[in-house]
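Below is one structure, written out as structure tokens, with a few remarks after it.
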Amino acid sequence: MNPYTKLISYLSLLLGTTITISSNHWMMAWTGLEINTLAIIPLISKSHHPRAVEATIKYFLVQAAASTLMLFSSMTNAWFTGQWDITQLTHPTSCLLLTAAIAMKLGLVPFHFWFPEVLQGSPMTTALLLSTMMKFPPITILFMTSHTLNSTLLTILAITSAALGGWMGLNQTQIRKILAFSSISHLGWMTIIIIYNPKLTLLTFYLYSLMTITVFLTLNTTKTLKLTTMMTSWTKAPMLNATLMLTLLSLAGLPPLTGFLPKWLIIQELTKQEMTTTATAIAMLSLLGLFFYLRLAYYSTITLPPSPTNHMKQWYSYKPTSPQVAILTSLSTTLLPLSPVILATT
């Protein structure tokens, strides 16, 4: 891919995200989302593989439909109330349409079908952007409109996303698909709490992004795409794989790692809101995700490959681990003791 094209795409991504998260007017937010969609398309399709082209078309159609729904929602609200301000979304039909549009943008159940397929057809770095940065503008819009949205509908979407994200990830062998279902499951945790404590949703998103970026960069360093190649990556970079295991367990939400903090706070907040049944249900559903994270950790570190391998060995030239991966891994595993400081700053 031409470096100038790549630079323009990345700068457009930054511009689109900045426009959306800093705007108060619906048209500006929609413009930022459209810039984002158009900027990521060359990055998804740059390999020119049929799977990448298919992923690009799926992504474009879904995002175009979601943007149209969002525009329709804001126009309906402006028609009935005369308000174009994002925080003044008060009309019930507009709230319903916006919830559907944001669910499509994020990949929440039942609008999740496109996300694993698009991630599987994308290069690893583009999959990283789709899982983290591209989720930020829709979550910001959800954050700004959370006080007017239907709490029952959001709770149903969240519970089904946590359930399906864990359930569908159980039998996957492609790592990008596993991380896609992991993303859907985490989005369920973020959505369930946004009505009651929106700042906690943002904190959960930041920590999820931190851990996901670490996992993607580690896998990109070892050139691991499937569970079978993950088994043999131990011999390439033993220390990197050991830290990958810790990051995966942190993503699963096990104490005393960083990923335990958002789940602990969300369950605590749901209990305060007298939603003990919901808190119990989503905590039990996270066990499904824990299973496939443990399986990934097992494949990456605990399983040594047999001597006679059945598949072709990949050519590998040793590259030293970048300092970014080292710093991100440290943050992904050791932030729990700093939770009072983190909560004070948010």
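Glycine is treated like the rest: Cβ placed from N, Cα and C.
TrEMBL assigns the feature transmembrane segment to one of the listed ranges (7-23, 313-329, 330-346), namely 7-23.
Between the transmembrane segment (152-171) and the listed ranges 7-23, 57-76, 178-196, 202-219, 281-304, the one holding the most Cβ pairs under 8 Å is 178-196.
Residues 33, 58-59, 62-63, 65-67, 69-70, 72-74, 76, 89, 130, 135, 137-139, 141-142, 145, 149-150, 153-154, 157-158, 160-161, 163-165, 180, 183-184, 187-188, 191 of the same chain, all 6+ positions outside the transmembrane segment (96-115), place their C-beta atoms under 8 angstroms from a C-beta of that stretch. Note on the transmembrane segment (178-196): residues 106-109, 112, 115-116, 119-120, 127, 131, 135, 139, 142-143, 146-147, 149, 151, 154-155, 157-166, 168-169, 172, 204-205, 208, 212, 215-216, 251, 262-263, 266, 269-270, 273, 278, 282, 285-286, 288-289, 292-293, 296 of its chain, located 6 or more positions outside it, place their CB under 8 angstroms from a CB of the stretch.
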